[in-house]
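Residues or ranges marked as transmembrane segment in TrEMBL: 46-65, 362-382. Feature annotation from TrEMBL assigns domain 'Calcineurin-like phosphoesterase' to 86-281.
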Amino acid sequence: MLVRRHQLSTNTESKTDMNRLKTSSRFLPNSLCFRTRFKRWIWTQYGFLMITAILVIFINEVLLYEWSRVHWPDIEELAKKPTVVKLLLVADPQLIGEKDEGFFGLITRQDSDRYLAKTFSQANQYVQPDWILFLGDIFDEGLSATDDEFKRYFERFDSIFQYENREQKCIVIPGDNDVGGEYYGDKHPILRQRFRNYFGRTIALYRQNEIEYLKLDIDMFESYVDGKRVSIMEQTQNRPLTSIFRIVLNHWPLLTRSARFVKPFINELEPNLILKGDSHHFHIFAYDRINMTNRVMAREYLSQSILSIDLNEKRFIYEITTPTCSYRMGVARIGYVVLLLDSATKTAHLAILPTPRRYISLYIYAAYGILFFINLILMLLFPRRSLFKWLTTNR
């Protein structure tokens, strides 16, 4: 009886093994057949178009962004110090409006918004800032926008930069494309009020530990003594700034203006750093309070990966112009700026985070589009020939 049961179990196991062998042998030819067909399909014109399309998208949407990011300066050693406050500077995103882009407006807006969202996310993750400072020109068509359009523009801004999720550590100042100020008389109270409704007061003072941020909106045509002084003194309580880092935020330049403006401005407020946007290019000016002259410390790029500025010396005031983060501004060097403020050494460490030139990607897409239509014509002319056969027969 035991022998019979053993024979039955042995027969059952052998049948199971045979079934497994048959199943595997049945799938083996199928897998080999699939691989063969796939290899043949790759060499067809359809396969060629598909593979090259995937390659082009990978280069434009992944590789170029990662290539820029891996070349960012290493700020880890400085950033992890407990006495360091990390600032991320964002200038002139100029979200594209709904009126001036014409037929392709929807496409251009989506591409520009996606580019800003992707590069900002990379910079924000890389720096992990304590404060994010937006230095004006938030929108491209802020002046001509209706209230409904402005609301939609703000919703796009919030979607790109996640503003409302981190509002407590963000400061947004207005630019000429938001409230006017580029031309004399184009600044209207209603535009300022609308901007305040979304981003808070246009003149305000923020304090955190050893840092004071004075948010301003002084345009190129306004004077300090006759115009803004009263509003600013209300915020500072008629006292100069007293922290280690006394930072003025203004979209337009301040130190390159006339002595009639600059002298009372710096004597009453005592700033040591001025952060601005407007020009779309990176600059650093050092203003000598004794000689009342400006010296260019950097233009377009830094001579080293991280520039350190000693703020112990009260003789000099530094004005830093942040480059635009939007590829639509037509400048070659775009990106963000990281500013590390070390209260222990009273030093400001500055680095540029360049972002990829999107127009290169668009040119690649355009070139691929031309090749696509050429291949489409070939596919219509030679529908049954593979690309390989077509190439070999036409050598």
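Residue numbers in this text run from 1 along the chain shown.
Backbone N, Cα and C atoms are what each Cβ position is placed from, and that goes for glycine too.
Note on the transmembrane segment (362-382): residues 45-46, 48-49, 52-53, 56, 59-60, 390 of its chain, located 6 or more positions outside it, place their CB under 8 angstroms from a CB of the stretch.
Over the domain 'Calcineurin-like phosphoesterase' (86-281), the average per-residue pLDDT in this prediction is 89.
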